[in-house]
Each structure stands twice: as structure tokens, then as C-alpha cells.
Amino acid sequence: MSSPSSSALETEIFQYIDLHQSDFIKDLKEWVAVESDSVQPALRKEVIRMMALAAGKLAALGATVNSVNLGSHQLPDGQHLPLPPVILGELGKDPQNPTVCFYGHVDVQPARKEDGWKTDPYTLTEIDGNLYGRGATDNKGPVLAWINAVETFRALKLAIPVNFKFIIEGMEEAGSLGLEKLLEEEKQCFFSNVDYIVISDNLWLSKKKPALTYGTRGNACFFVEVEGGDKDLHSGTFGGIIHEPLTDLVALLDSLVDPTGHIQIPGIYDSVAALTEEERKLYESIEYDLEEHKNNSGVKKFLYSTKEEILLHLWRYPSLSIHGIEGAFHEPGIKTVIPAKVIGKFSIRQVPYMDLSVVKQQVEEHLKNVFSKRNSPNKLKVSMPLGAKPWVADVNDPLYKAARRAIKTVFGEDPDFIRDGSTIPIARLFQTITQKRVIMFPIGAADAGEHSQNEKISRHNYIEGTKVFAAFFLEISKLRGQLRETSSPETNN
């Protein structure tokens, strides 16, 4: 429901959206029906068909649409597959208006009915006000909600309050192949007059309370390899007389983090920004059901007991997780073998101001120091095969203030300002390459089930999300030159 403070113009827009709910849901049903799974090679044609549908939808708005060919990529078996095109769309070129670029993707994760879906994942099905279907919330629903909002202005013959640009891809679930290169190529052209970029590809923290996301953690993944001889050995013949690689590895992994979750690598916390009073207050009003989160996890106890402590350690402090050991016997039963080489795998979710190269050096020095004290003749090798940087935005930036006002207008309450404990590389990628302001503006609720069985978006979130985007356009139009007058966004490590 829109709040009583809505202007007459907003009221007209919201009424149109309410009256055309069935049309918007019909469009979503059409999009969900396309099995645009970018992970499975056999479905690549469906992804390309989905891109054509999205391009057609933008063209129907009157947008100029350029489907950029990205060529092909090679699969592990040597097969070459065409990459789906990336859509670059543009609507409006008024130099007096701010220019908003919306990013979204229309590919999806794999889904089969037999995986545990209660409905056909590619048939949008409404049950108790929820719209079930693969891609409903990730990310076809939000992409359509944005388009629906633009379409509403066109249908009512209202002046478009901002210039729009669209960048829509079809390989996000498979790593956004080719996107980074395209962004680099277009930063002086397509993005030259963009004021900021909107990403709506994540979720609220709550089932009911809206949220704006202003930060994500990065991720540094490590392999620690310990190698002894050139073959596995029998524990009856050699057990007790050699330095076993797996024993060394277990000691190394045990040295990384203590039982309270504190990372024991010297210097790892040195670059973590101190918690300010202003930031601390953001956590107080956040709607977060600690018990529900605990129940969903299936664990009996968290490391911390309060909402604030949990969220701080999920979002703005680094964490270390141990993921597995390669080379050790893991099948059912017993195999009394001493493995010759084992590889431990762990990751550090790093936060703003932590430098990946420094983190890598700290990890290497710590593990080498621990290993040296064991006086083991085995060989140690430490590597970091993957490193993704964190991202953080300023909640006091004009675009976040505009989004907050739009949410208050539509939902009648201020949003939670949240971070995401996981890594969402796309926000950092856009900000780093284009040097434009980025906002993460989700419309899906916490229980939407992205990537999971029975993924959904509620009718309420889909329709009210369309309204909030429309209200956001109006709020941004009021800013005029403010975005250009403020300095470029910082890009934090």
C-alpha cells in the first residue's frame, strides 16, 4: 500500500500499476516459461531466446536496443558454445535529466520438478499470493518490475523523469562471461553520461521490511598443500615412523581460527575499519529474526547471542571457513592408508580496506611459521586461486536518500540499511570500471528462495516493487545536478 503522503502524480501511477497487475504477472509467466539455464550447455539456445524476448520488451518501450555479440567460449570437453548477447538499451536523452542505468540478468539456475519443487519450476504458479517459478525473484521478476515502472510512465503519457539505460545479460549464473571486457570497452561510450547504476539482484533481510544494500564482503580462497613421498603408504608398515602429511595439514588448519570464530592469523584485523557510532545505530533498527535464522540453519547455537553481534560478524568483520580436504580417504568404511599429498581448502571473507595481496602474504607467513615449528620434512605450498574484493557504498549519498524516500512513500516505513555477508562481484565490478555510483536495490523478500527449490516472489513484492521503482524515478529527477556536483564514489578494497 502506498502511504498517505503520496503526491497526486504518484497516486495516478500507483493506481495504474494496481489495475494492470494481471498484465505484469502475465509477462512474468511468459519469461519464467523460458528455461534460460546458463549453466547447462544443452539449454544455451533457450538463454539466447530469452535475451531476444528481453530485447523485444525494451524495444516495445521505445528504447534503442543494441544486442552485443560476445562471441563464444570453450567448455572443458573442448566444445565451443556461443555466448548470449548482452543487451545495451537506451531511452531518453534529455541533458537536463539524470541518467539511470539498470543492470539485471535473465538467465537462471538449474531447476527440475523432481528436485523437490511443489510446482513445475518453469510454469509460474500463484499459491497464497506467492508467484512460484525459477527466476521469479532471481532475476526476471526485478528486471520486469523495473520495465513495468518505465512502461507505466509511457502508458500514462507522462514525461519520463530520468534518462534510462539498460544492461541485461544472460550469463550471470555462469560467471558473467564476457561482461567485464564489455564494460571496459563501453566505459567511455555507453556509460559516459550515466549518473549511477541500479542493481536489483539480491534480497531483503526480512520477510516484510524493505531494505537497501550498501556493502558486501569479498572472498579470498586458499589451498594449502602438504606433500610427503611420491606414493600413498600403508599405516601398518609406516605409521609411527614418518611425518604424515595429513597430520601436518590438520595442525595447519587448526591454527587458522579459534573456537570463538576469531581468525588467528597475525595482522588480519589491522585494516578493518573501526565501528563508528553512526554505523552502529544502523544495526539497532534492523528487522532480523535470530531464532528463525538459527532454525533455518539447523544448528543449535550461534557463536554470538544478540542480533547486533550476529550481523556485525556476518557483514563488517572478516570470517574464515574451512571447506574441505582433497586427497584424504572420504568414502564409507575404513582404508588404513597414509596419503602422500593432501590439500586443505579454506576461505576468508574479507571486508572493506583489507587488501587482497596483504591478506595473501599474511596467510602464507602464518602457515609457513606454524609449519616450520613442526620440523617436518614434508613440502608445503600455499596458493590463492580466487580473490574477489568487497564493496561498500555511502548510505548518505543522494541516490540512497532518494531510494529511502521512495520506499517510505510506497511501503510507509524506512528501509533497513543492510550489508551482505556473501560476495556479489557485480557491484564492485561496475563501480570499479565505470567509476559511477552503484546502489543495490532489492525487492525480493528474505524467504524468496533464490537458487533453491520453490523459488518465488510474492505478488505484493512484485507489484509494490514496480511502484517503488516508479517512485524512485521521481525522487531521482528531483536531484538534478546533485549527483554531478558530488565527487566520484570511493572504491574500497
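The backbone N, Cα and C atoms fix where each Cβ goes, glycine too.
Taken verbatim from TrEMBL:
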| type | residues | note |
| --- | --- | --- |
| BINDING | HIS105, ASP138, ASP201 | Mn(2+) 2 binding site |
| ACT_SITE | ASP107 | active site |
| BINDING | ASP138, GLU173, HIS451 | Mn(2+) 1 binding site |
| ACT_SITE | GLU172 | active site, proton acceptor |
| DOMAIN | 214-372 | domain 'Peptidase M20 dimerisation' |
| SITE | HIS234 | site 'Important for catalytic activity' |
* Structure fact -> Not counting HIS105, ASP138, ASP201, residues with a CB within 8 A of the CB centroid of the Mn(2+) 2 site are GLY104, ASN139, PRO142, VAL143, GLU172, GLU173, GLU450
* Asked: Out of HIS105, HIS234, HIS451, which has the highest number of nearby Cβ atoms, where nearby means within 10 Å of its Cβ, if these are the recorded positions?
  -> HIS105
* Structure fact -> CB neighbours within 10 A of ASP201 (Mn(2+) 2 binding site), counting all protein chains shown, number 22
* Asked: Does GLU172 (active site, proton acceptor) have same-chain partners at least 6 apart in sequence with Cβ under 8 Å from its own Cβ, and which are they?
  -> SER38, HIS105, ASP107, ASN139, ASP201, ILE426
* To do: Report, in whole Å, the straight Cα-to-Cα distance of ASP138 (Mn(2+) 2 binding site) from HIS451 (Mn(2+) 1 binding site).
  => 8
* Structure fact -> As a whole number of Å, the Cα atom of GLU173 (Mn(2+) 1 binding site) is distant from the Cα atom of ASP138 (Mn(2+) 2 binding site) by 10
* Asked: If you count Cβ atoms within 10 Å of the Cβ of ASP138 (Mn(2+) 2 binding site), leaving out that atom itself, what do you get?
  -> 25
* **Pairwise CA distance, ASP138 (Mn(2+) 2 binding site) versus HIS234 (site 'Important for catalytic activity'), rounded so that it is a whole Å** => 50
